[in-house]
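S.K.: Feature table excerpt (TrEMBL):
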type: COMPBIAS; residues: 597-613; note: compositional bias 'Polar residues'
type: REGION; residues: 597-625; note: region 'Disordered'
type: TRANSMEM; residues: 61-87; note: transmembrane segment
type: TRANSMEM; residues: 108-127; note: transmembrane segment
type: TRANSMEM; residues: 181-201; note: transmembrane segment
type: TRANSMEM; residues: 232-250; note: transmembrane segment
type: TRANSMEM; residues: 271-295; note: transmembrane segment
type: TRANSMEM; residues: 333-351; note: transmembrane segment
type: TRANSMEM; residues: 421-443; note: transmembrane segment
type: TRANSMEM; residues: 449-468; note: transmembrane segment
type: TRANSMEM; residues: 480-497; note: transmembrane segment
type: TRANSMEM; residues: 517-537; note: transmembrane segment
Amino acid sequence: MVTPLSSNCNWTILSCLQIDDGGDYQNCTEHGTTVPAHEEKQKGSPKNSSRLAYTVTDIPPWYLCIFLGIQHYLTALGGLVAIPLILSRSLCLQHDALTQSHLISTMFFVSGICTLLQVIFGVRLPILQGGTFAFLTPTLAMLSLPSWKCPAWTQNSSLVDPSSPEFIEVWQTRIRELQGAIMVASCFQIFVGFSGLIGFLMRFIGPLTIAPTITLVALPLFNSAGEDAGTHWGIAAATIFFIVLFSQYLKNVPVPLPSYQKNKGCTFSKIYLFQIFPVLLGLSLSWILCLILTVTDVFPLDENAYGYNARTDSKGDVLVKAPWFRFPYPGQWGVPTISLAGVFGIIAGVISSMVESVGDYYACARLSGAPPPPKHAINRGIGVEGIGCLLAGAWGTGNGTTSYSENVGALGITRVGSRMVIVAGACVMLLTGMFGKVAAIFASIPTPIIGGMFLVMFGIITAVGVSNLQFTDMNSSRNLFIFGFSVFAGMTIPFWVERNTEVLETGITQLDQVIQVLLTTGMFVGGFLGFLLDNTIPGSKEERGLLAWKEGHKEENDEPSNRSDIYDLPFGIGSKFCAASWFQYLPMCPKQSSGNCGKAQNNIAQENSNKSNPGDAEMNIDTKI
């Protein structure tokens, strides 16, 4: 049973998410009464905001912020955990679960920082930041270079001593190389965002560029998913079954959960639990199944036997060795190193991530009851994501940062679009990043469970890429050729280059590495071919899908009267610099009309006139986040 969190609170967290008979969430007020969400339509908000319990600028009760913040954290958990686990194989860490847990906790911590920066200073929408799969393909291509391939002895668990200086140097030299490439490539994203260049690039990037690029983010990862799932196909199949069951078949089935209401006592609230946590529930049930089969010794005890990796104790005593508290810090793996090959490869991932994030901004605005983001907000969002990648490189996550589409979808499920909820979720990520035991739990997940999760996750990413073709005319032989050729070439060329690297040697080591990394990154090959062919082969804008694409991602007029002030800079930064004529011309700053400037100047004059009464003057200071 859920009890009230305080004597002044008449509704518990679960009852705040109660669904009324019409299918709408009921909103909690400070006085304990409920108001159906459909009666709370605000002026000037989009139509769908009438179904929101809280819009982007609303501040829910603190306990609801914490609960929904944890929910967003759990929604992103699959991606946050999956990326370090995929990287661990190429970093020679597949037999060092403790270091894997350190990577996971660093990913949690940095994602929390980047989310706070994005919500407060970036695009200012309720959008979560985390690791990006777009960086995985070029990263794996870079680490597959002959100079960075893992020594054979690191593949044998009996020969690996995680505490030996030799082994530590093996994996730390690789992650330092990766850190340097990410930090340099992030400078490109910072420049593109804060200079406003993203708007210029979007003129030439359409669905036929995006579709093969995102599709080829996931397709090359089939090998990793197959190897992990193949350690025990029965457990992998069970994991897939549970995730599909919860996310597809039971997603519209509400689960009655007990809650407490002061006037009515104990009641039951309907929560779409399966729709909110399908991956977490699927992993948990599979994990319990593995635990039962481990305790009963159904799985073999011989580490070389098939099925051993499904044991819950197969990854040693990582939970015992992991510290309770561990504070991630910049440079924890050493001083980053830089190579041109890595930088060019990661830049390809940066471009893909930027384009995907722009689409997420519009979707997030629509679901959170905000108007479409203006140019300055998009520029600022992309720039802050670049800063996030810079921080991720400095901390050593082995990855960058991007907006999470999964959490944008969660806004539509919870119907709570408040950015304060995401701030709470960011704080949860910061805290879990400092608790070493939390990351150790995820690092100890049996390998076949991870493989089953990968099969579902990578399949969805592939489908998301293909779904961009809905904007184009797929009855056109031109479009069929561009997409089909780009995807097939994006898989064929890297396959051939990996096996014939000597043919492309120029005698210049750095140039050879750049060529090899780019041509073994399927995402770059397919995206570049799609971009080139789509912009050179004749075709109408309607045929290319540009008209439908622009309509779906329509840019908001930059006139101040046509947009809300929710995208303005926080803490009154915009009004303080309103008098400076150059401020409004910066690509990342909101445009201020003369009327707004006059209003700000009147506010300043009023503050000066109220100096005799400090209490009144204090009320005029804009400190809103």
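Cβ from N, Cα, C; glycine included.
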S.K.: So if I exclude everything within five residues of the ends of the transmembrane segment (61-87), which remaining residues of that chain have a CB under 8 angstroms from its CBs? That is, six or more out.
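M.R.: Sequence-distant neighbours of the transmembrane segment (61-87): 5-6, 9, 13, 16, 28, 30, 93, 100, 103-104, 107-108, 111, 128, 130-133, 136, 139-140, 221, 224, 276-277, 279-280, 397-399, 404, 406-407, 410, 414, 416, 418, 420-429, 432, 442-443, 445, 450, 453-454, 457.
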S.K.: Count, for each of 108-127, 333-351, 449-468, 480-497, the Cβ pairs lying under 8 Å from the transmembrane segment (271-295), and report the range with the highest count.
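M.R.: Out of the listed stretches, 449-468 contacts the transmembrane segment (271-295) most.
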S.K.: Please identify the stretch among 108-127, 232-250, 333-351, 480-497, 517-537 with the greatest number of Cβ pairs below 8 Å relative to the transmembrane segment (449-468).
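M.R.: That would be 232-250.
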